[in-house]
């Protein structure tokens, strides 16, 4: 393998490996950053269908962007080398932490569990199921931040691992019952795996263990887990109820969504109770396998192991076992396992009716008509668009195909979220400051209107009144009216008489006392001496108000004397006679 992939990624050192790939620390020469590169083993790259599926799932996972998910930067090929470029994380995987420190405290378990659940929630909202949630795929940074890796990859490699590698051995402890059966999985399979991890964090042990993968898978199907409080007395009833619901064998008894699980994790973190919702008898019956069949399975497995011991192994033991495992899984489904499956599918299905906008009573009636019921654990939430007491959303949503007798989870509106109206009419709060403060309290700027009070003596823009009144509990999307001062209105006054005053005195009176704008002109005058005001416009006594423009006319004195030419002629003649 070249030291530089695709003329861009320089391999630095090997940092990990698994049944599917080797992971290297590398440098992205284009963006000058450290990355992790996962390079597929050669036996996978020869399978074109696998490579195509692998690339598709990796590219889909690259669309995820979340603080608790390892980012995928690139998917590429260099010669025969298939690789994925990922975010490089400094830290260790959660399995190492469990080995070294478990059992963890309730606080540590909740902190880690919430972050893992947040990552799963984000992926599920983007329609990506992990299918291989296990501590080995969860990295923990030095500051305690969770990073979940390999989203979507398990789907691509699930078939290949059965024939190419024994990597699934590490996953069987976290496998959901439906995965053990080989039937289609959904989001709740990831939640089951997370429940197993929470159990292991609290106790230091997985709930189901055994000598062989098939024996562990059977325990996922057949046995109830020992409550974690039996292994760690510090586990609270609320946290135990949460964990046991997460690892219920029937998906119907688990949390419906990662968001629901997150809600209960935070309730436990806040010291609130979490109800026990798992019917253990019903849950165990949903996946029960006939004991006679189990004996046959164990006998077959023992015979296979004995036979394998007589021959010199030239391939990994797990690889040799898989034909038996596949055959036994088929027997489980076709034999005694079919009893459980038939019970699962023969209940009958229906569709969730439209319940949004209806009251609990109305919804209960419509659900009953469909052979369904409402989950008694009704959730409440604020909603700006739905009146109080009406259903805002359901899980599953309207139109979803579900088994009859299923409980539909509903959320009921508390009406618009409210906040306390502050006192804004203290005499020194401007309109803009009031709006900014209201917005910081959650009120909508677009719903805040202002009107002017022309009679207020306060400075312009100061809040003088408000509606609703201070101290009122008010919807955050409700209308709020602020009344602000338009500023003191000045009454018109008579124009003062500044005639015969000096220009400086006149301007001082008009500009400073009357707040008028003054324009200065000048004209000749025989009536007024030079450099005094000879006239104003408007005239003295006319009404003016602050801000008006007035004109004062300054005398330039009499100017040069003009003589009549006729008179000048007579004067000249008289002057001649006198000579």
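Note: Cβ is positioned from N, Cα and C throughout, glycine not excepted.
Remember, TrEMBL labels are computer predictions, not curated facts.
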Range annotated as transmembrane segment in TrEMBL, from 322-345, 346-369, 370-393, 394-417: 322-345
All-chain count of other Cβ atoms within 10 Å of residue 38 (ATP binding site): 23
Helix, strand and coil residues within the domain 'PASTA' (346-414) as assigned by DSSP: 10 helix, 23 strand, 36 coil
